[in-house]
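Features as listed in Swiss-Prot:
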- CYS438, CYS444, CYS483, CYS487: [4Fe-4S] cluster binding site (BINDING)
- CYS487: siroheme binding site (BINDING)
Amino acid sequence: MAKVVLKAPDGPPSDVERIKRESRYLRGTLAETMEDPISAGIPDDDNRLMKFHGSYLQDDRDVRTERQKQKLEPAYQFMIRVRTPGGVATPEQWLVMDEIARKYANGTLKLTTRQAFQLHGVLKWNVKKTMQAINGALMTTLAACGDVNRNVMCNPNPYQSEVHAEVYEWAKLLSDHLLPKTRAYYEIWLDDEKVAGTPQVDGEEEPIYGPTYLPRKFKIGIAVPPSNDVDVFSQDIGLIAIVEDGKLAGFNVAIGGGMGMTHGDKTTYPQLAKVIGFCTPDQVVEVAEKIMTVQRDYGNRSVRKNARFKYTIDRLGLEVVKEEIERRLGWKLGEARPYHFEHNGDRYGWVEGVNGTWHFTLYVEGGRVKDDDDYKLMTGLREIAKVHTGDFRLTANQNLVIANVTSEKKAEIEALIAKYGLTDGKRYTALRRNSLACVALPTCGLAMAEAERYLPKLLDKIEEIIDENGLRDEEITIRMTGCPNGCARHVLAEIAFVGKAVGKYNMYLGAAFNGTRLGKLYRENIGEEEILRELRVLLARYAKERLDGEHFGDFVIRAGIVKEVTDGTNFHD
């Protein structure tokens, strides 16, 4: 297939655009709908708006068929996402989230791939109380979902250096500046009260977004080389911190990343952001705003599957988009500066910071904080939060850093880690430590197959092959998503599985270990037996034929197993 050439949007605006336009800045009839006692669900128009408030209406798909037989409405429930720039939460905030999860949700916390909290299983009657409790802890769900700028990501441990701390401050500034200004959120959930300490939001109009906000979601992430833990090239705006003489000189600016696609539609594809220049720290907020307004004005509002910024850039041309950004800025971006990425994973266990504090990175399988019969992760973290004087940092790989532990507190924290058996993951294979999975079934309405619930079981079987080939400590990234939307940034994993139907997956190989190259479709619509058969051959070859220091993703390309993807527009070649 030739390189994809996208048509200009020439149809009428999609129905979602009507909903936004008529919503009176995200109000709609949400206030009335949420008070309606007749149904546990809400109408579709309001559900579209609900996303901007940080929540999705879902249902328990495990019982959907049975409820249909009984002529009952679906087991409706809400997912609520908490916006935490850079993934930072205080111990007090952690304890509030823990309490909310047990009181109003399904008793678990999900740490997301965008460094946010998710609550699942919240019933309609408890949504407002949940929102109020979250805001009472000086957090918000506003713009955690929807056609707006989402949670701003950055390296999760700002106290590794002064640069990390500074980058985190810029992530917070970007997050606050690009937050919607509507009062609707406060009117509906907080009875129009402003909570002290939360970002200032006031005014009736949206000076940046306008009445219809953006054509689709928008994502920003900041990476600090050599770590690409935020997968900076998957972002609509990827900012690469440039450090010179130990100081933050500024950011290389990359635009147009995105992982989502639609099965069978070759006009949709994942894409990596491309570097267009450099800006200084004091310019970065203005640069991000102007980039976002280009997408606001030129993005496809007719066909939502082609509405992300990556498609706008590929349709108009990178240079055209760059020129328009610079026209709006009134000045030209600087020349991009050298940088180098080594990996996109986390560093586990204890790490000493530059200021005498300690940080413990905890492995959290699937990002799910819960208590099982034999592993009391949720209880252990609750007890740590009660005595911890530093903070918690959610990583982009669904793990958790117990950060800024003082020397005086370290022994106490270590004792609690030991008491509850909390793990840094080092007893697992490196493959498992480098795994990611989205939520998928039973709550996600888009999921075509399992992900979070299934990947650990599949890994049990893959690890047998890993051990047979002496690869237990070999760092290989593996990710699974229940659909092709890419919440777990699937095609940036060296081995990736994308749900096609229940028990069936498309298998991708060949992404770069450092997140700088997309994977390629290797096998389509395969089940567990074929997955294991393929991996048995591939991993055996890798163990025998790899070069010194060669990563698995590089090996499968060099060996001719898959073709290298050089750009998203030829992803389907």
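Cβ atoms here come from the backbone N, Cα and C positions, even for glycine.
Everything Swiss-Prot records as a feature, shown here on the structure.
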residue: CYS438; record: [4Fe-4S] cluster binding site; CB count, 10 Å: 28
residue: CYS444; record: [4Fe-4S] cluster binding site; CB count, 10 Å: 22
residue: CYS483; record: [4Fe-4S] cluster binding site; CB count, 10 Å: 23
residue: CYS487; record: [4Fe-4S] cluster binding site; CB count, 10 Å: 23
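The Cβ centroid of CYS438, CYS444, CYS483, CYS487 marks the [4Fe-4S] cluster site; residues of that chain outside this set whose Cβ lies within 8 Å of it are VAL439, ALA440, LEU446, ALA447, ALA451, THR481, GLY482, ASN485, ALA488, given in sequence order.
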